[in-house]
Amino acid sequence: MAKVTRVRSASPPDGGWGWMIVAGCFLVTICTRAVTRCISIFFVEFQTYFAQDYSQTAWIHSIVDCMTMLCAPLGSVVSNHLSCQVGIMLGGLLASTGFILGSFATSLKHLYLTLGVLTGLGFALCYSPAIAMVGKYFNRRKALAYGIAMSGSGIGTFILAPVVQLLIEQFSWRGALLILGGFVLNLCVCGALMRPITLKEDHSSPEKHCDHGKQREDCKQASPYSSLTKEWAQTCPCCSLQQEYGFLLMSDFVVLAVSVLFMAYGCSPLFVYLVPYALSVGVSHHQAAFLMSILGVIDIVGNITFGWLTDRRCLKNYRYVCYLFAVALDGLCYLCLPMLQSFPLLVPFSCTFGYFDGAYVTLIPVVTAEIVGTTSLSSALGVVYFLHAVPYLVSPPIAGWLVDTTGSYTAAFLLCGFAMIFSSVLLGFARIVKRMKRTQLRFLAKESDPKLPLWTNGSVAYSVARELDQKDEESMATAVPRCKLT
């Protein structure tokens, strides 16, 4: 394969070819996330054809989602060490093969391996690298770019849901899977659009990792050897991995990771059980599929409007809070769902849930980038989506087991709602604790040197707080003398 030519840029261009990257990512989200959601339309067909219960049939959707997220770090590795183009094209071939082989399935186990494992692996090689590429091309309009790119999931669901239902009626579920296999081959075209770019911060020297004070002097003394150090770091696998995944030790990222586990557990079952739940309360097949379409089209509105709004000056510093707000409201929607037992009541539910689902999905890469930076974004997104894997794997079968055991969807939906609310509360509590720590440091700095004005001490305390984030093992007693020395 010919060597990939990388575009060099001092900073993200915020336009130009970046809009083609957004278009490519848009198509990737259609072919991965929207198609995955539409697998739930096959749920009743699979259950009837193979004569299996809810929990056994739900494993198909769970395995696709799990493999997509579980292998997300693999997608990041392929993208970082080969190229984003190679990874996405390879993923498109694997995903298409999974759908085509799945159309010949004779048992659910066959579908677990083909439609589940193989297709999920292909989606994993495409999803996180495409999203990370958008972050490399945009900075000032990052949330808007992500909003447009991630809206492919909603638009794809809106269009594909009725189309897939029509394909099942015309060609049976086997023919529908075969046609979807040809459709996801478009991932190879998306991969061709992903022109790599090298930013200035990608070439940052080890000097930026040095501490303040005396260690800064040590960095200056070591500067003649910086080129040798950089070359050794690139050739040493352990050092390369440590530099690539150093964000795993950041306290902010650890809290985000834990909250993602609960959020992922809550968000997945709805896309599996919305159609079966609607059918169970007397909604027709076409109306149930239309609910998925509504969910998809409102998802688009949430993607784009939340992306645009959080790029405004008044909300740009509150993206974290907007993310918490969106996740919590989706949890509240879950709690109301068991009371909605007719099509006119399920339509506003689909609108509300779809809007805030699109909102927080757009902000996941934005919030992650604010925590780890652009250089580590691809690897960090790989880890974040990897953390979705286990909840995506177990939550639909657990929900199906609850439905089989209780004979109702109420327990399953309530558990999902409380999981999403807890995810939001956990992140909010962590942010409050962090601000209280900074406030305490500000007053400690003021007491340590009353001659300095309060705002100066505040900036000193803020820098100390950042050091505490990077070095959790240091105590506050050690941080206060640094204020005096400064």
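Every residue, even glycine, has its Cβ placed from backbone N, Cα and C.
Any TrEMBL annotation is an automated prediction that lacks curation.
TrEMBL has this to say about the protein:
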| type | residues | note |
| --- | --- | --- |
| DOMAIN | 17-435 | domain 'Major facilitator superfamily (MFS) profile' |
| TRANSMEM | 21-46 | transmembrane segment |
| TRANSMEM | 58-79 | transmembrane segment |
| TRANSMEM | 86-105 | transmembrane segment |
| TRANSMEM | 111-132 | transmembrane segment |
| TRANSMEM | 144-168 | transmembrane segment |
| TRANSMEM | 174-194 | transmembrane segment |
| TRANSMEM | 253-276 | transmembrane segment |
| TRANSMEM | 288-309 | transmembrane segment |
| TRANSMEM | 321-340 | transmembrane segment |
| TRANSMEM | 346-368 | transmembrane segment |
| TRANSMEM | 380-403 | transmembrane segment |
| TRANSMEM | 409-433 | transmembrane segment |
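Mean pLDDT, taken over the domain 'Major facilitator superfamily (MFS) profile' (17-435), works out to 81 on the 0 to 100 scale. For the transmembrane segment (253-276), the neighbouring stretch richest in Cβ pairs under 8 Å, chosen from 21-46, 174-194, 288-309, is 21-46. The stretch with the most CB contacts under 8 Å to the transmembrane segment (174-194), chosen from 21-46, 58-79, 380-403, is 21-46. Only residues 6 or more beyond the boundaries of the transmembrane segment (86-105), in the same chain, are considered here, and those with a CB under 8 A from a CB of the stretch are 1, 4, 28, 31-32, 75, 78-79, 111, 114-126, 129-130, 174-175, 177-178, 180-182, 184-188, 190-192, 194. Taking pairs at least six residues apart, the transmembrane segment (58-79) and the transmembrane segment (380-403) share three or more Cβ pairs below 8 Å and count as touching. Scored by C-beta pairs under 8 angstroms, the transmembrane segment (21-46) has its highest count with 144-168, from the stretches 144-168, 321-340, 346-368, 380-403. Sequence-distant contacts of the transmembrane segment (346-368), counting only residues of its own chain at least 6 positions beyond either end whose CB sits under 8 Å from a CB of the stretch, comprise 131-132, 134-135, 142-143, 146-147, 150-151, 153-154, 256, 263, 267, 270, 274, 278, 283, 291-292, 294-303, 305-307, 310, 319-320, 322-323, 326-327, 329-330, 333-334, 336-337, 340, 377, 380-381, 384.
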